[in-house]
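The domain 'BTB' annotation in Swiss-Prot covers 34-101, and the record cites sequence analysis as its basis. Sequence annotations record features per position, and here Swiss-Prot assigns region 'Disordered' to 214-306, 480-569. The phosphoserine feature in Swiss-Prot is assigned to Ser331, Ser335, Ser537. The feature region 'Mediates interaction with RELA' is assigned by Swiss-Prot to 343-569, with similarity to another entry given as support. Residues or ranges marked as SUMO2 cross-link in Swiss-Prot (evidence: similarity to another entry): Lys430, Lys527. The compositional bias 'Low complexity' annotation in Swiss-Prot covers 498-511. Look at Swiss-Prot and you will find 548-557 tagged as compositional bias 'Gly residues'.
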Amino acid sequence: MAGGVDGPIGIPFPDHSSDILSGLNEQRTQGLLCDVVILVEGREFPTHRSVLAACSQYFKKLFTSGAVVDQQNVYEIDFVSAEALTALMDFAYTATLTVSTANVGDILSAARLLEIPAVSRVCTDLLERQILAADDVGDAGQPDGAGPTDQRNLLRAKEYLEFFRSNPMNSLPPTAFQWPGFSAPDDDLDATKEAVAAAVAAVAAGDCNGLDFYGPGPPADRPPTGDGEEGDSTPGLWPERDEDAPPGGLFPPPTAPPATTQNGHYGRAGASTGEEEAVALSEAAPEPGDSPGFLSGAAEGEDGDAADVDGLAASTLLQQMMSSVGRAGDSDEESRPDDKGVMDYYLKYFSGAHEGDVYPAWSQKGEKKIRAKAFQKCPICEKVIQGAGKLPRHIRTHTGEKPYECNICKVRFTRQDKLKVHMRKHTGEKPYLCQQCGAAFAHNYDLKNHMRVHTGLRPYQCDSCCKTFVRSDHLHRHLKKDGCNGVPSRRGRKPRVRGVPPDVPSGAGAPPGLPDAPRNGQEKHFKDEEDDEEEASLDGLGRLNVAGSGGDDGAGGPTVAATEGNFAT
């Protein structure tokens, strides 16, 4: 190129980074494209993982450590305050830190725990130079952060991070998960039984609580079996505890895997007390109706006591699991047909603790795929729409867009299913058929209303006159258009009698066995009912059906209401 520079040219855009950050902050405030929620003191902070990881080394380690973190959408932390996290979030997205005398101590403490050195240096400088001097800045105001409150928060922060960094799957050999329920070879059954037997012995000896997969001991140190033989150990189930160390090590292990919500979100994953552990085990235990047949087998077994699956401890489940393993290894004549399914249930129960999942529910038809229901909010009316793909259809009700057009009469519709129903008017298609009389209908609700002629069902009733109707629009017309005189109709009205002689004299009274004819205002009321409600319609076979306004129609054929002259006094 003549007179130009040969080669690539780098053109800087100084405002590009600030524009990107501004766009991300706008997405955060509107809740768009946020892939993680930080829960602090009951407040939710939707945000982006990449932004937090780029700003905080603690969040970077939290989001990138362990395989279980790939499924994590919600993190609940209790070692920082909501006000401090709000200020740090604004700093991460706007590059501006807003501090005051009241919150500088909390922000400094949170910045140290979340490893944001720039904020820590600024807050420390403000306190040392007494630019923001407070009467009582608390433990966070100490330059070295050695206050008791900071030490407790630091311990909780390390404990929370350690839970996600120590993946129990990594400490177990692959053979530990080759159970019979997961397509393991038959020759591994003996090894599996020995491993579970050692686990049961450890539980019985009190060496572990049945769910302690997070002990501080290395994988090589394993507890001895119940027979006391040295060197005989359980391969990779419960690591040995140090007798001098406190229970659970430096960071007490979680009592149960973090519970998930409907959308796959996780709750708080911290240590809990013994009472909370019992509650967690009770909630995680399978329901009696969903549990396999091992409960009935336990009632018929050696103990003879009925087992209550609610609140079962892990040791009890392990012992019942061993019983199932023993039955699976016996001959086919002695083993029960559902032992294999029982074994699958136990193995899924305990493997769920390794994988960080909730305890699987019993299902004899196999595992079911759980699909998270999509919830979307309408930007116009803020109505929450449930179901993927339904939001555009809802928005058309606001915009008036009708993309689906009938190619015959050019009528347009907002929904394709409405167009499909409309086309039946042109094609004459009537897919809904009455099984009793053979009448065909184009709409499902027409068939539903027609079936009430056979069943006598009249679900819609006037509160004033107690008159009943087959269809809701008939009741609406009775109340709004024609008006209701408020005179209660006689219960069931007069029975309809087929073949009433036409020569019954007027004023001779009703035929024998019938109640007296209506008098005074009731006669006019019944006449209005007949004028308002009775509608004749031809069914698919050309027969005439007349729906009366009161009483139950007799099943078994069309009936015609008696005329006014039959009931005249």
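Glycine is treated like the rest: Cβ placed from N, Cα and C.
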Helix, strand or coil at Lys430 (SUMO2 cross-link), per DSSP?
coil
Residue counts (helix, strand, coil, in that order) that DSSP gives for the domain 'BTB' (34-101):
33 helix, 13 strand, 22 coil
Return the average pLDDT for the region 'Mediates interaction with RELA' (343-569) as a whole number.
64
Could you tally the C-beta atoms, other than its own, that fall within 10 angstroms of the C-beta of Lys430 (SUMO2 cross-link)?
15
